[in-house]
Amino acid sequence: MDPNTVSSFQVDCFLWHVRKQVPDQELGDAPFLDRLRRDQKSLRGRGSTLGLNIETATRVGKQIVERILKEESDEALKMTMASAPASRYLTDMTIEEMSRDWFMLMPKQKVAGPLCIRMDQAIMDKNIILKANFSVIFDRLETLILLRAFTEEGAIVGEISPLPSLPGHTNEDVKNAIGVLIGGLEWNDNTVRVSKTLQRFAWRSSNENGRPPLTPKQKRKMARTIRSKV
């Protein structure tokens, strides 16, 4: 096993432990709590994959961080913080929308790289909007926290979430997963659009209405409809 992989996991475990103290003292806001919960699931998945105990890893991670801080000068720390780019956390969904349980009558699940796509194939002829909570850096999506598909009535009918066992994903990974989810929902004649936030940062293949361009299947269907009317 790569020692760098192990030490990275150990440090992440300790840093999560430190961050956990913030909400314990009633200091964390909603985005902070979102990331904390997601990171906890990710650490559990990584620990299972690596075969490492999280409690033991946290102790070792503390030793690594303490050693680094002991060697780090205040001036070097200031320079590092000044040069580090700042990311922004954007939210389409409320805490309730993110944490709400949902059920599928005809479940379908697909893994696309480090992302898991779930949708209910029983949903037909609905207007659906995709919403997501994610961080942005350099005007591009950095980390997807969670994406969900909602009907006009507010029911959840689809979801894209990071796989805890495969941390890390790119903007292209997210864009590809969105394409898969949209394609699956549109197969049952649903009309899908993305939120303005997603359209700006993660799904640039949309038209001015926030909808993706028509697929070949949709174009053929539209052509048949037009011919029948003529």
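Don't overthink the numbers, they just go from 1 along the chain as shown.
Cβ from N, Cα, C; glycine included.
Marked as region 'RNA-binding and homodimerization' by Swiss-Prot: 1-73.
Same-chain residues lying 6 or more positions outside the motif 'Nuclear localization signal' (34-38) and placing a CB less than 8 Å from one of its CB atoms are 16, 19-20, 23, 28, 89, 95, 98, 133, 145-146, 162. What Swiss-Prot records for 34-38 is motif 'Nuclear localization signal'.
The list of residues near the motif 'Nuclear export signal' (137-146) in space but at least 6 beyond its ends in sequence, with Cβ under 8 angstroms from a Cβ of it, reads 34-35, 38, 85-88, 93, 98, 115, 159-162, 169, 171, 174, 201-202. Residues annotated as motif 'Nuclear export signal' in Swiss-Prot: 137-146.
Summarising the annotation, Swiss-Prot assigns region 'CPSF4-binding' to 180-215 and lists sequence analysis as the type of evidence.
Taken from Swiss-Prot, the feature region 'Disordered' applies to 205-230.
Here Swiss-Prot flags 217-230 as compositional bias 'Basic residues'.
Annotation source Swiss-Prot lists region 'PABPN1-binding' at 223-230. Here the region 'PABPN1-binding' (223-230) has a mean pLDDT of 42 out of 100.
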